[in-house]
Amino acid sequence: MDNPRRIIIGIDPGSRITGYGIIWSQGSKQGCIAFGQIKTDNDSLNFRLHQIERELRDLILIHRPHEAAIEQVFTFHNHQSALKLGQARGAALVATAACALSVAEYSARQIKQAVVGYGAATKAQVQHMVHLLLQLEKAPPADAADALAIALCHATSSRLSEKLMQAKGTLT
C-alpha cells in the first residue's frame, strides 16, 4: 500500500494574529515543517486582511502544501469580534483558493479531540500536546500551536477517511 508524503497547512485566522502551521504526514507519522504567526500592522481592517492573504499566499507558494485546513467559525457573544474573525477567515480562504488548494474545515471540538483526546481541552493542553506530538524543541506560540493542531487534526481525519474508503472497496 502506497503512503505518499502529504504537506498540510493549518490556519488559525485572526484579524490581529493569524497562526499557521505546516506539517508533513505520511501514514501514521507527522512532522513539523514550519509554524509562526502573521501579526498584522495597526492599519485599517482592509489593509490587515490584505496582509493576511498576501503572507499566507507567500507561505503556500514557498512550502507547496497539498491541502489546507482551517477552524470553523464558532458563536461569539461579541458580534464585532465574530465579524472580524469571519473576515480574517475569508482572507485566508482567498489565499488558499488563489493557490488552488482544497480546504477542510473542523470545529474547535474536533480539533481538540483529535490532538488532546478531549474535546473541551484548554489552549495550554493543545499547546502542550502539539509540542509533544511533533517533538518540537519548545512549545510554539498559542496561535501557531492551534494552527499546527488544525493540520494534525486534518492529517488524522483524512487518514481515517482513506482507510474507510479502502475498507468499503474491499466489502463491495
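The backbone N, Cα and C atoms fix where each Cβ goes, glycine too.
The following features are taken from Swiss-Prot:
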- ASP12: active site (ACT_SITE)
- GLU71: active site (ACT_SITE)
- ASP143: active site (ACT_SITE)
- ASP12, ASP143: Mg(2+) 1 binding site (BINDING)
- GLU71: Mg(2+) 2 binding site (BINDING)
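Classification of ASP12 (active site) by DSSP places it within a strand. Counting only same-chain residues six or more apart in sequence, the Cβ atoms lying under 8 angstroms from the Cβ of ASP12 (active site) belong to THR18, GLY19, TYR20, GLY21, ILE70, GLU71, ASP143, ALA144, ASP146, ALA147, ILE150.
When other Cβ atoms within 10 Å of the Cβ of ASP143 (active site) are tallied across all protein chains shown, the result is 23. Using a 10 Å Cβ-Cβ cutoff, GLU71 (active site) registers 24 neighbours.
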